[in-house]
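Asker: Please find one structure pasted underneath; my questions will follow.
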Amino acid sequence: MRFISAGPRMLAHGSHMLAQGRRTLIDGFAPSGVPRILVCLAGAAVVVMADNAATHADIGPFDLLFMLRIALLFCLLAMLFAAGERLLLARRGRSVRDALRPRTALRAAIHAAAERALRWWRGRGRLGRLLAATALMAACWLPYVIMLLPGTIWFDTGDQIAQFLGISAYGQPIGTISSHHPPLDTLVFGGVAWLGERLTGDYQNGLAVYVIVQLAATCLGLSAICLYVHRIGAGRAAATAMFVFFAVFPAFPIFTMSIVKDTLHQVVLIPWLLMVVETARTRLAALRSARWCAALLCVSVLTAATSATGLYVVVLSLAALPFTSLKTAWNHGKPRGCGIRLRLIAVLLTAATLIISAVGVPAAVRLVVPIAREDANQALVVPMQMTARWMLDHADEATAQERAAIDRVNEVSSAAMPYLYNPYLADPIIQYELRDSSADAVGDYLRVWAAQGARDPMPYLNAFASLESGWFSLRRTPLVNADAPFDLDMVRDAAPGAIGNQMLMQTWNPVSHPFAALNRALDQQTDPTPPYAFTPYANTGGQRAAAAVWDALCAIPVVSALTYTAVWTFLMPLFLLFCAAGGRRRRGLRSGSPCRSAGDRDATQRPDAAACPWTAAMPLVWSLLALLPSAISVPLKPTATRYMLWALFMVPFYLCILRAARLRTARQGASHGVRMPNEARTPLGKGDSTCDED
């Protein structure tokens, strides 16, 4: 009888859900329809062109099928983004199904256990919660630790360790390290290997201790992100969901068990990200604390010094802080503290970070080991790849003067470029160093580059799109031999067998010649056969098991979407832009919403009413832009994946920031008598907090 009497209620609930679904797409676009339509349309066009480039090495052809694919993807993105925004802002409510579900003994026991756990959690202080969350995450990662200990040593890391321990790498003088890798990273990796060799007789013992410390620090940072988003008002459910993702998604422990410069960079990137966002969120009020400023300076320097692109991301993000608006609608336009003083502190922090990172850190490393200056070629990676494609398409049209200018700068001659060109990897063309990096030689080359591009820009567009297509495409070429040139006909013949553009995780130890020489020297043996015979110890069975776990995840329908590179580097950031394009409606209100007074209406509709200022988004913006000059993006080898793994925690972090800001705005609008959207009408939960909480 209970279920029969509940029939009308269930019917009414179902009708309500259908109505909500019908309004999802409409509400998702009005009244900010044009910007959101443009976001989805541009996103669809970029993905389709990137798919073409990643499978055919061309962005075209621009035929009817091309337009149809854009139209279909536009509709899909529009529906997913509109539904995703409503889901992002949803608050948990009691449904008819919950009311009718019988209270079984098991359910009651689970509910009681959850209540006890929640009471225990609330009784801990901030430090206790952080340590408990860190321990729980580390426990979830423990199986991967067992599989991969003593850590995965990457190709570049082997070079760095060999250089530090006195093995010549690629013609550099013995006893020097290369500036191709951040010198601080080489000092850390070489230092722990040297300590392990001196203290225990095995350099890998030092690396094993290092990787455990790295894993603990990463767990601590990711747990801090989850606690932070809960504290600023994202809600317990969002914080818990993000914690579960960090704890169970295999990419995090597999990558963290790697010994490579990107994992070291990640350790300091997380606290730097939190501090920059908090500084912007508090409208620079956090800079009143001298300890905060000192800590921010330290993590900024370390973040800038541990990555090739870190300096640009850090300095440009900090440079935006002085432009943070210090006024909010809720304090009636009065800035929090002395605005000029806070802006000046932000400027000084930026300048100090730039000077210490670019000058001080390399000088300090030189006191320990000499640095061989390299990497003058890095600024020309993309232009030289464009030149190679132009020479491939127009080999007979290049003049002798143009060829001479190209050959003067680059190690690979213009005549050899068509035969060595790989549309998805710049290394065969640019090599490791320029033949002549003088200003005159580079200037002459750039003039040739501009002149050839003016004659026919399409090779340049195809070269750039192919090289960077991995950040935007959902499919890619099935060819995997990264070290070999890719004939364009071979690429196009293989296109029908295109595969998903999924992340490629490294679980093995690739060994370079210098690192093999180091292991041979430590083993006191000579003339190995083959050259890579002397390799560091590895739990090969565990490495294969970790790879099998990742491969199985990549094959699971729906869930495997999380393994696609473009989901993190383009589609989710595009979703954030989609939400920002509709920010005015979400910030206050639907048009015609009743307010208590004109003043209340003005307060709730101000752009900075509750959302974090735009400067808080700069770390994400510059990190994404830093991907574009990459020498590889399609994961022909795991290098492309490690370039973007920071997005796996940074993008969810910004989604939670968006949720916290929108929910807080909704609650503040409701307190001023503004009728809010349905998904934001639920009152503030017991465990939630506001963005003003410090």
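Cβ from N, Cα, C; glycine included.
So TrEMBL lists these for the protein:
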- 586-606: region 'Disordered' (REGION)
- 671-694: region 'Disordered' (REGION)
- 67-89: transmembrane segment (TRANSMEM)
- 130-155: transmembrane segment (TRANSMEM)
- 207-229: transmembrane segment (TRANSMEM)
- 241-260: transmembrane segment (TRANSMEM)
- 294-321: transmembrane segment (TRANSMEM)
- 342-365: transmembrane segment (TRANSMEM)
- 561-581: transmembrane segment (TRANSMEM)
- 611-631: transmembrane segment (TRANSMEM)
- 643-661: transmembrane segment (TRANSMEM)
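Show me how these features fit into the structure around them.
Answerer: Remote same-chain partners of the transmembrane segment (207-229), defined as residues 6 or more beyond its termini with a Cβ less than 8 Å from a stretch Cβ, comprise 126, 129-130, 133-134, 137-138, 141, 145, 149-151, 153, 188-189, 192-193, 196, 238-240, 242-243, 246, 252-253, 256-257, 259, 263-264, 266-267, 270-271, 274, 278, 649, 653, 656-657, 660.
Within the chain carrying the transmembrane segment (342-365), a Cβ under 8 angstroms from the stretch's Cβ atoms is held by residues 177, 179, 183-184, 186-187, 279, 284-285, 287-288, 293, 296-297, 300-301, 304-305, 311, 314-315, 318-319, 321-322, 324, 326, 371, all 6 or more beyond its ends.
Same-chain residues lying 6 or more positions outside the transmembrane segment (561-581) and placing a CB less than 8 Å from one of its CB atoms are 32, 35-36, 39-40, 43, 46-47, 50, 77, 81, 84-85, 88, 249, 251, 470-474, 500-503, 550, 553-554, 620, 624, 627, 633, 635, 640-641, 644, 647-648, 651, 654-655, 658.
Residues 88-89, 222, 225, 229, 232-235, 238-239, 242, 245-246, 249, 251-252, 255, 262, 265-266, 269-270, 273, 277, 471, 503, 565, 568-569, 572-573, 576, 579, 610-612, 616-617, 619-620, 623-624, 627, 630, 632-633, 691 of the same chain lie 6 or more positions beyond the ends of the transmembrane segment (643-661) yet place their CB under 8 Å from a CB of it.
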Asker: What parts of the chain pack near the transmembrane segment (241-260), using Cβ distances under 8 Å and only residues at least 6 beyond its ends?
Answerer: 133, 136-137, 140-141, 144-145, 148-149, 151-154, 156-157, 189, 207, 210-211, 214-215, 218, 222-223, 225-226, 229, 266, 503, 505-507, 546, 549-550, 553, 562-563, 642, 645, 648-649, 652-653, 656
